[in-house]
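Visitor: Reproduced below are the annotations present in Swiss-Prot:
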DOMAIN    29-265  domain 'ABC transporter'
BINDING   G61, L62, S63, G64, S65, G66, K67, S68  ATP binding site
DOMAIN    280-339  domain 'CBS 1'
DOMAIN    343-400  domain 'CBS 2'
Amino acid sequence: MAIKLEVTHLYKIFGEHPERAFRLLEQGLSKDQIFEKTGLTVGVKDASLAIEEGEIFVIMGLSGSGKSTLVRLLNRLIEPTRGQVLIDGEDISRLPDGALRAVRRKQISMVFQSFALMPHLNILDNTAFGMDLAGVPRAEREQKALNALQQVGLETYAHAYPDELSGGMRQRVGLARALANDPDILLMDEAFSALDPLIRTEMQDELIKLQARRQRTIVFISHDLDEAMRIGDRIAIMHSGEVIQVGTPDEILNNPANDYVRTFFRGVDISHVFTAKDIARRRPVAVIRKTPGVGPRSALRILQEEDREYGYVLERGRKFIGVVSIDSLKQALRGQQPLEQALLPAPAPVPASMSLNELISQVAQAPCAVPVVDENHEYLGIISKGMLLQALDKESTLND
């Protein structure tokens with residue numbers, strides 16, 4: 001994947017004469033110590049990130065960690081003190097005002113926690129408001145606004161007013177307003193945090209659907225760990241203005257950078273994070289290669305030699321065919337039937353992307369370990385009851 005948005009050694013010092021803070025940072029003083037000595041606030045300290053085109057990149061941290069400051073540095077709503085912000089390789093921190101406005105209009109949009117809808121404007125005009133300020137002709141901006149409302153399922157409310165909409169619907173309007181100019185990059189600063197839990201989940205689903213239809217680069221600020229795990233391709237953890245760790249949810253869960261990250265992720269429900277492919281194992285299991293010379297007798301011999309009750313039948317190229325047992329193979333032999341007649345109706349294979357939470361009932365009810373397949377139906381391995389319990393036990397280990 002190409003790098004869409006890159007941040008290199010980015011700093012933001014709030015206050016006059018920020019060079020004083022840099023001298024103290026070089027001496028190893030902390031953010032709090034610098035504030036005590038100078039009154040200067042270190043908002044972001046030496047942040048470096050490379051965000052890929054089309055990914056949802058979540059930035060997390062406690063209040064005061066610098067996450068909202070960092071996202072505003074990406075479109076220069078806050079001016080960086082030092083460092084670079086590159087969009088498609090161009091350093092926007094050096095752009096003159098006119099060129100910066102063009103970038104904001106065409107390439108990057110932002111959704112805030114507050115809906116900030118104009119009560120005297122209908123939903124269509126609220127969605128088109130930014131384009132109106134930019135001088136876009138009325139017919140063009142209304143068409144773009146209507147297209148954006150269609151994307152979030154609100155086209156029938158185009159002529160309604162904000163007070164006629166629920167909180168979740170008003171936030172959809174805020175999202176539509178950001179989508180109206182079809183940006184490549186979408187910045188979302190705790191955009192769903194003011195919503196009720198059920199509505200928040202609906203908005204997360206909406207964002208995932210939008211991303212499936214049109215791959216944008218999304219930088220999403222959140223303090224909600226479940227939200228980050230649910231929507232994020234990768235997560236950055238911030239603390240005291242610094243980026244502490246960047247990785248996929250399972251990378252961070254398995255290898256936290258320090259005690260702060262470990263504590264931050266305490267209590268996470270890993271059954272919604274890990275998937276079948278994360279815990280599937282190819283051994284120990286009896287694999288039967290389906291070739292012209294292999295029938296029930298050959299398959300039965302393989303199971304007996306490996307002391308297995310069940311076997312997993314694969315075609316050339318590891319394409320999964322099904323599961324057989326010693327009993328089903330003996331029955332096929334008695335009836336002089338081919339190997340296909342020995343295949344069991346269960347367990348059915350599960351997709352690699354299935355979450356552990358969804359796997360629980362399937363694994364619990366299966367007579368043997370459940371096979372896992374990829375999108376091409378190729379065999380990846382098996383998941384037994386013991387393997388699933390061991391994986392779920394990681395949650396209690398994390399929370400100890």
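Yeah, the Cβs are placed from backbone N, Cα and C, and that goes for glycine too.
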Visitor: Under the DSSP assignment, what numbers of helix, strand and coil residues are found in the domain 'CBS 2' (343-400)?
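Guide: Secondary-structure composition of the domain 'CBS 2' (343-400): 25 helix, 13 strand, 20 coil.
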Visitor: Where DSSP helix means H, G or I and strand means E or B, what are the helix, strand and coil counts for the domain 'CBS 1' (280-339)?
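Guide: Across the domain 'CBS 1' (280-339), the residues distribute as 23 helix, 17 strand, 20 coil.
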Visitor: Among the binding-site residues S63, S65, S68, whose Cβ has the fewest other Cβ atoms within 10 Å?
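Guide: Fewest other Cβ atoms within 10 Å, among the binding-site residues S63, S65, S68, is found for S63.
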